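Inspection log for the structure reproduced underneath, given as structure tokens.
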């Protein structure tokens, strides 16, 4: 798998290398004022259009973009192991035996064996909340399957706020590039008349066109890939929630822990498939 930094180097290398191969001069692309206009407006619009908590989420996903998502084969192994251990405890000692573990999972001797689950805040909460529900209510109290599906829908909807916001910015960036270009044309118009310096006018027009280029580049080569990568990470998160839900639903209807684990295992996406005898 190509790392994100290498992918970024390929994008930048292709952009600059192709320009140089065509006989371009790099200095003609360097116009900091265009960057200030385009990226400044984009950043301001993002802040104005999104709640404060989305800003923090965006930074979290930006970190994951470079480090890689948090879903892998190991976390699936931990998930099935944790659910199996909790359900076996409930079978052996009754659901009340789970109370200490689900009340404070950070201090639980069971949860401590599954560090990736503890780090996945939303997944940990999903497991704890639904075992708590089973502790307090029989699964027949409502349609437990739809109850689980509704929770997953709400969790994913909340996660999707980041790519929805960055996707909108990606769509707006070419327009911000046009704004910078129009401003450059206005400045060029001020140079017309009298003793016109053709070289200066040409340079000014070139700078204006760089504004359009910059907006398009950041839209399609920077923000759009980040948005898509974030959506992929969220879909991976959704899949792991669905595995947990399949296990919980099966267990709530009296299926043995080993069979519930098998039902959950069968819901794991092919890219992270776990064999019956382990990863």
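A Cβ is built for glycine as well, from the same backbone N, Cα and C atoms used for every other residue.
Just so you know, TrEMBL annotations are computer predictions that nobody has curated.
Taken from TrEMBL, the feature transmembrane segment applies to 7-30, 36-56, 169-193, 205-226. According to TrEMBL, the domain 'Motility protein A N-terminal' annotation covers 8-94. Annotated domain 'MotA/TolQ/ExbB proton channel' per TrEMBL: 139-234, in sequence order.
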Original post:
If you run through the domain 'Motility protein A N-terminal' (8-94) with DSSP, how many residues end up as helix, strand and coil?
Top reply: 73 helix, 0 strand, 14 coil
Original post:
What are the DSSP helix, strand and coil residue counts for the domain 'MotA/TolQ/ExbB proton channel' (139-234)?
Top reply: 85 helix, 0 strand, 11 coil
